[in-house]
Amino acid sequence: MALIVQKFGGTSLSDPERILNVAERISAEKMKGNDCVVVVSAMGKTTDQLISLAKDVSNQVNKREMDMLLSTGEQVTIALLSMALSQNGWEAASFTGWQAGIITEPVHGNARILNIHTEKIREQLNKGKIVIVAGFQGVTEDGEITTLGRGGSDTTAVALSTALKASKCDIYTDVTGVYTTDPRHVKEAQKLAAISYDEMLELAHLGAGVLHPRAVEFAKNHNVTLEVRSSIEKERGTIIKEEVTMEQNLVVRGVAFEDEITRVTVFGLPNCLTSLSTIFSTLAKNNIDVDIIIQSMTSKEITDISFSIKNDTLKETLNVLEKNKDLLKYDHIESETGLAKVSIVGSGMVSNPGVAAEMFTVLSNNGIEIRMVSTSEIKISTVVNQQQMLPAVNALHKAFKLSAIPIRS
Ligand code: ADP
Ligand code: ASP
Ligand code: MG
């Protein structure tokens, strides 16, 4: 008898009919004689609605109370799914994050899982019950409820798989697998039979919302093989594992994109050894997440620095920079919103020079201006005008022959 972890996302649980469908998918696994631990998200758009409710009553963000509020979303689903399973004749027990022993660091809104006390779950499994755990939430050593960041139920599932030494971790969602790019925006996107942890990690970090980046990181560190698959269709999904052979002659595995990017430029900083460290330490101390950085020398004495951030952190970024003007000694700041990041990812880039040149040529041939660039061994990211994001994605998807991958299920 194997132990299987199954995770179902919000769209797959958005109404009673879908909850009953999920109960059937779990029944099918149980009928094979397997033990099942199920992780669920909040129903449909519940988390968005709760965030919007919070904004209706207060314009100040109280992170502790926000976690208290958002964790209720998943609590609704665990109870309903447990009831649906009973309806199908199975015995099930639902657990919130804290009941399931999921201990996190003491951070609200984006906590990491530190440890899982699995005794309670094991006790129920030993009684033959299906265990249903609320994703996206945990508890600190001090008993405070925390959440793991948007999309964090994936991470709950992978962490539970590791702690319980499960034989399989299946992530059920509203698409049939991981595609070469978001299939909701690019109709030629092709499902991948498999993808490596490193490539999936880059895609997830660069905007491919199909998996929470920390879930992939966790899976890589603990060597958990994942399968992303549909909660409706029965076909095989995409396997995420250590090594994956590249489809013939391809250097790029996928294209990711993310909108709502802002570029901030700090002009007239003193050109000295400590300039960069001072500005970025100041931003880091204030929890401002900076992405791409570009430095340009204006003269021997003066340097300008541009960096990209998410739109919603602009106000805070400007506040921090203003407050520290005396320390940083810059002249003035300009910012530009309405930008997007478009990236190509593929482990084949390591041994193929000229991929960046090809990417830039494709974009320029399509009249797309590149505002910023950043590269790593297996990815190249460009910042472009937000209106040109999807044309850029489509052009790159075609140029790197991703539309032509043979479809496999
Ligand atoms: P869930 O609620 O099941 O966690 P998500 O909305 O978080 O589902 O993730 C699934 C969505 O991810 C898909 O509907 C799709 O629009 C999006 N997505 C983005 N990039 C990709 C990709 N490369 N492959 C598949 N889906 C992707
Ligand atoms: N409900 C949370 C969210 O919408 C967590 C998740 O779905 O994974 O982000
Ligand atoms: Mg998700």
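Backbone N, Cα and C define each Cβ position, glycine as well.
TrEMBL has this to say about the protein:
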BINDING   Lys7, Phe8, Gly9, Gly10, Thr173, Asp174, Tyr179, Arg184  ATP binding site
BINDING   Thr47, Glu74  substrate binding site
DOMAIN    264-347  domain 'ACT'
Nearest-integer angstrom distance between the alpha carbons (Cα) of Gly9 (ATP binding site) and Thr47 (substrate binding site): 12
Candidate with sparsest Cβ neighbourhood (10 Å radius) among Lys7, Arg184, the listed binding-site residues: Arg184
Candidate with the highest Cβ count within 10 Å, taken from the binding-site residues Glu74, Asp174: Glu74
Binding-site residues near ligand 1 among Lys7, Phe8, Gly9, Tyr179 (Cβ under 6 Å): Gly9, Tyr179
Cα distance (Å, whole number) from Glu74 (substrate binding site) to Tyr179 (ATP binding site): 27
Cα separation, Thr47 (substrate binding site) to Asp174 (ATP binding site) (Å, whole number): 17
Annotated ATP contacts Lys7, Phe8, Gly9, Gly10, Thr173, Asp174, Tyr179, Arg184, maximal Cα-Cα distance (Å, integer): 21
Contacting binding-site residues, sequence order - Gly9, Thr47, Tyr179 vs ligand 3, Cβ under 6 Å: Gly9
Distance from Thr47 (substrate binding site) back to Thr173 (ATP binding site), taken between C-alpha atoms, in Å: 16
Pairwise Cα distance for Glu74 (substrate binding site)/Phe8 (ATP binding site) [Å, integer]: 11
Length of the line joining the Cα atoms of Lys7 (ATP binding site) and Thr47 (substrate binding site), in Å: 17
